[in-house]
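Trainee: Have a look at the structure that comes next, please.
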């Protein structure tokens, strides 16, 4: 999933060079996957509850491969768009179901770490995609095909490896497969005595069965503690996206170009934030069960705000110090619409324009004009000193400087530093923690639906940010856009401090009590004697109930360790 998410960062630059796309088309190609992911994340919960977590994840791997194949052989932007939509469907399914599968299989003491591992491997995919994009850029027209087509391989690996993994024991119990659930729990826990956990699962399923006649969504909204959990879960996913992290994932190379780096430099420099994103996620593996979810999440959003402030400052300086564009350098013999722009920065935001300037010793243009690009080759101006006919003369080649899509600036390093600081702040907290918390805070009867709603919120906000980024850049400039994301990060940190409870070290059932009011807590808590009595009968009662229907009864013996075993 990480590879499919990150590879568009480098691929879209090569696609743009080949097809000369408008900002609208670039936004569509980038965000179409997100739109599709949002739609399929909503239905994935019902699919996982119907055919199982394991099979759903395996299907998503197949869809990954199909989408990658379509993108690799695309003969135009329309077919490429179809491939992006197919890949998005798989991403939406996987992003919703994988955290649920992990949370239902993992023991409470390492559940947070395992869900964080899910985020870690996403960052591995993002890092791999950045390195591959930088390495394949010299292939030019076929480079983006190899980048996008290679997405088929991770999908194949996902399908093959999941064949070897067990189904979720909670899903097996939900389908009445008690024996299979018992064996699965013993297998993944490495313990014989799993009676207490079987009882907890059965109690949750009994609650679900009791309210089966009511719509799950309606019941969720009518149940106070679930409604509260859903509000917190969806809000965390919203703030995760509104801090602008996926502009870094999808557009980091583009951002670096706007900061003043050439395409080759930008693609290689984009590998650095991707690598730091991977390395910083290891911090989360330690912190999630040590410092807890809440503290690291609040700190993460605050640090992101500071990092975005660095980026905003850098781009503000790029904006203020942008070389002027005037008619004094290049006399305009025709009505060139590009002459309406007053600075190099404004000029390069228009895909039909480039900046022609006098060439100085330090490669910094001091004075220039905004001119339409050559229709056949954007490496030259349509007319004037930077046109092909003029610049091809060797004695004039060094007199002028033609830049397209970027404005060289002494403040470019602020963009690279800011990108690194953003991912260093995001990876340990705001990256994995919303997924970890969402996988923990819902009761089993609505966990699939609730995670689908939270994931839908994530992808919807992701879509809003990624689709609007290039438009925001045009109206607010880069510095204003990142300042806006920074303000959202501050609000996210405040929200965590005020509303998010700590879930570290608690079982899934204990977490439900945190969200309940006093009355709900009293109604849901059985007496200790009753619970102990029920626990002592597990799993015999469940086994008797299950086996009675198939006409045989299990025989139990007490082992030397005191646990009950099936002969």
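Backbone N, Cα and C define each Cβ position, glycine as well.
Automatic, uncurated: that is what TrEMBL annotation is.
According to TrEMBL, the feature compositional bias 'Low complexity' maps to 524-537. Marked as domain 'Major facilitator superfamily (MFS) profile' by TrEMBL: 1-504. Per TrEMBL, the feature region 'Disordered' maps to 519-545. Residues or ranges marked as transmembrane segment by TrEMBL: 24-48, 55-74, 80-102, 114-134, 146-165, 229-253, 265-288, 295-318, 402-427, 448-470, 476-500.
Provide an account of the burial state, proximal residues and distances for the features listed.
Mentor: Sequence-remote contacts of a segment are chain residues at least 6 beyond its ends whose Cβ falls under 8 Å from one of its Cβ atoms, and for the transmembrane segment (114-134) they are 1-7, 9-11, 98-99, 102-103, 106, 146-147, 150, 154, 249, 252-253, 267-268, 270-271, 274-275, 277-278, 281-282, 284-285, 288, 427, 431-432, 435-436, 439.
Long-range contacts of the transmembrane segment (146-165) within its own chain (CB-CB distance under 8 A, at least 6 residues past either end) are made by residues 1, 3-4, 7-8, 10-11, 14, 54, 57-58, 60-69, 71-74, 80, 83, 87, 90, 94, 125, 129, 132-133, 136, 139.
Tertiary neighbourhood of the transmembrane segment (265-288): same-chain residues 6, 9-10, 13, 112-113, 116-117, 119-120, 123-124, 126-127, 129-131, 133-134, 137, 248, 252-254, 256-257, 296, 416, 419-420, 422-424, 426-429, 431-433, 436, 504, selected by CB-CB distance under 8 Å and a gap of 6+ residues from either end.
Panel annotation: around the transmembrane segment (295-318), residues 236, 239, 243-245, 258-260, 284, 287-288, 345, 407, 409, 411-415, 417-419, 421-422, 424-426, 428-431, 433-434, 437, 477-480, 482-483, 485-487, 489-490, 492-493, 496-497, 500 of the same chain, lying at least six beyond its termini, place a Cβ under 8 Å from a Cβ of the stretch.
Sequence-remote contacts of a segment are chain residues at least 6 beyond its ends whose Cβ falls under 8 Å from one of its Cβ atoms, and for the transmembrane segment (402-427) they are 119, 123, 243-245, 248, 252, 255-263, 269-270, 272-274, 276-281, 283-284, 300, 303-304, 306-308, 310-311, 313-315, 317-318, 321-323, 344-345, 347-348, 354-357, 363-365, 373, 378-381, 386, 391, 482.
Cβ atoms under 8 Å from those of the transmembrane segment (448-470) belong to residues 23, 26-28, 30-31, 34-35, 37-38, 41-46, 48-49, 92, 95-96, 99-100, 216-217, 220, 226, 229-230, 233-234, 236-238, 240-242, 244, 246-247, 250-251, 434, 438-439, 442, 481 of the same chain, restricted to positions at least 6 beyond its ends.
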Trainee: Between the transmembrane segment (476-500) and the transmembrane segment (229-253), do 3 or more CB pairs sit under 8 angstroms, pairs being 6 or more residues apart?
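Mentor: Contact confirmed: at least 3 Cβ pairs fall under 8 Å.
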Trainee: Given the cut-off of 8 Å on Cβ pairs that are 6 or more apart in sequence, determine whether the transmembrane segment (24-48) and the transmembrane segment (80-102) share at least 3 such pairs.
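Mentor: Yes, the transmembrane segment (24-48) and the transmembrane segment (80-102) are in contact.
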Trainee: Looking only at the domain 'Major facilitator superfamily (MFS) profile' (1-504), what is the model's average confidence as pLDDT?
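Mentor: Summing pLDDT over the domain 'Major facilitator superfamily (MFS) profile' (1-504) and dividing by its length gives 87.
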